[in-house]
Ligand code: ADP
Ligand code: MG
């Protein structure tokens, strides 16, 4: 048993474009292991200092000698944790911090070179190291699961059939687990990358349908790593199992648990029953990783901007408390390991017995023991049948096919280019790409606009947005080829449907152009891609500097609000003018009537 503290790192990200535009100030400074924060409202106040295992300065760029790259973070934290995984320890790395602070970037990262986060780098390394293995008696298997906890409900991101929430149960020995959560066997890194990618897509589809905000969802990616050693002498297989969990989000209970654990270790009190693990599904599932049988590392993601001062300080305080948590990790050995030891002892004892009775010729030249019948019986009882892992593989493959079929039915492309991960953009067919508040969930779904008429939101739809018929989204895309052999796509909203193009509500058909932003209903935000137009634009602007804000979810939202704001003002002014002229007209009429009545009365007198 190894008692070790939770490794704690903090990392500060660069300013985002909004912070840049607002002229935000950086309130964080770092030097070696120490991080210090300055109160922007009280600049004279002494800065607050914290010390961590690692303080990562990622606020600048690669040219800065003190810059901490994705690689650096992985080398410090990921490599050590992977080493522990090979030793047979449970391993957990989690990121903590406010929305937008850089948790997903640190854990998952991006697919561009040098931008991959801890999880992909670790998976890649894991397979590289198992591939290097030359020991014929040592074999490995890797299984992964990917779940999301949203509002205390667990969703299986790798199994399309599990629509509802999964149950969390407790095994008397293994502890809390998720019932029926699918585990996929993987044999190489690209398998894992595919699963992560489809998992992220499933997450996006579900989140869009429920109009969920990413700040309340917690993703847990688990790797079950089994090392199987075949003992030649006894013909037994022993397993070392290691579970590595990666969480990219956190919630208040996690904060409370960290706090309570820190208190417990600080005051030497042993009141583990007092830790509020059970208050949330996340902490309940990660009970062992937070203060139990695990080697655990936490990365607190920090925003650098002055406006976030309070949140940054509270994240730093949590991270500071987490340092005091002690985990008692044990190497996970299965009962076979003990049996092997016992049998070896028995073998030696029998050898000695044979020797002492002058029957050493029964021991073969290679030193191997010729075993007795009861010995084999014992072995067989404990050997796992070889075909079991084949069953697992078959299962994996059929679930994968189901999942791909389901996503395809929703209009989502999966691996059409023969296996590469990420968004596959068709060469000619215009399509919609989803935009999401969470960059990880943005641009991962593609909806094709085929030749002819594509309906959205109707029973006979060609596009079922996020797998559902959504009534208020009724609209039609018409795609045709004009005389210049160009594909022209027109968007027609149907009566009652709320459809916006570049922030303006449309009531008549519009011809869509490359890069147009389309908002349908309340939650469905897309960018229209016209590959041919895009190619032309690129050629035209090849000499010009690339510039401007990225056309992402925030861009589409900002534009929508601005346009709607301006339109509402225009509308109000027009209404006011209408009212004024109506009032004038009514007054004139009233005056006329009054005048006429006066004349009538005069006549009568
Ligand atoms: P969170 O998951 O904590 O809500 P994200 O990881 O999505 O936050 O980060 C928000 C944005 O900041 C993303 O666009 C991400 O790419 C960017 N970002 C975060 N950390 C870094 C970093 N260290 N370097 C560059 N960009 C980063
Ligand atoms: Mg995130």
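Note that Cβ sites are derived from N, Cα and C of the backbone, with glycine treated the same way.
For residue 104 (ATP binding site), other Cβ atoms within 10 Å of its Cβ number 23. When secondary structure is read from DSSP and collapsed to three states, residue 104 (ATP binding site) falls in the helix class. Annotation comment: TrEMBL describes 97, 98, 99, 100, 101, 102, 103, 104 as ATP binding site.
The coiled coil feature in TrEMBL is assigned to 569-596.
Residues or ranges marked as domain 'Kinesin motor' in TrEMBL: 5-325.
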Please list, in sequence order, every residue of the chain apart from 97, 98, 99, 100, 101, 102, 103, 104 whose Cβ lies within 8 Å of the Cβ centroid of the ATP site. 95, 301, 303
Taking 97, 100, 102 as the binding-site residues to compare, which has the smallest set of other Cβ atoms within 10 Å? 100
Relative to the Cβ position of residue 98 (ATP binding site), how many further Cβ atoms are located within 10 Å? 18
Averaging pLDDT over all residues of the coiled coil (569-596) gives 70
Could you list the residues of the same chain, at least six apart in sequence, whose Cβ is under 8 A from the Cβ of residue 101 (ATP binding site)? 13, 301, 302, 303, 315
Please list the binding-site residues from 99, 100, 101, 102 whose Cβ falls under 6 Å of any atom in ligand 2. none
DSSP says residue 99 (ATP binding site), in three-state terms, is coil
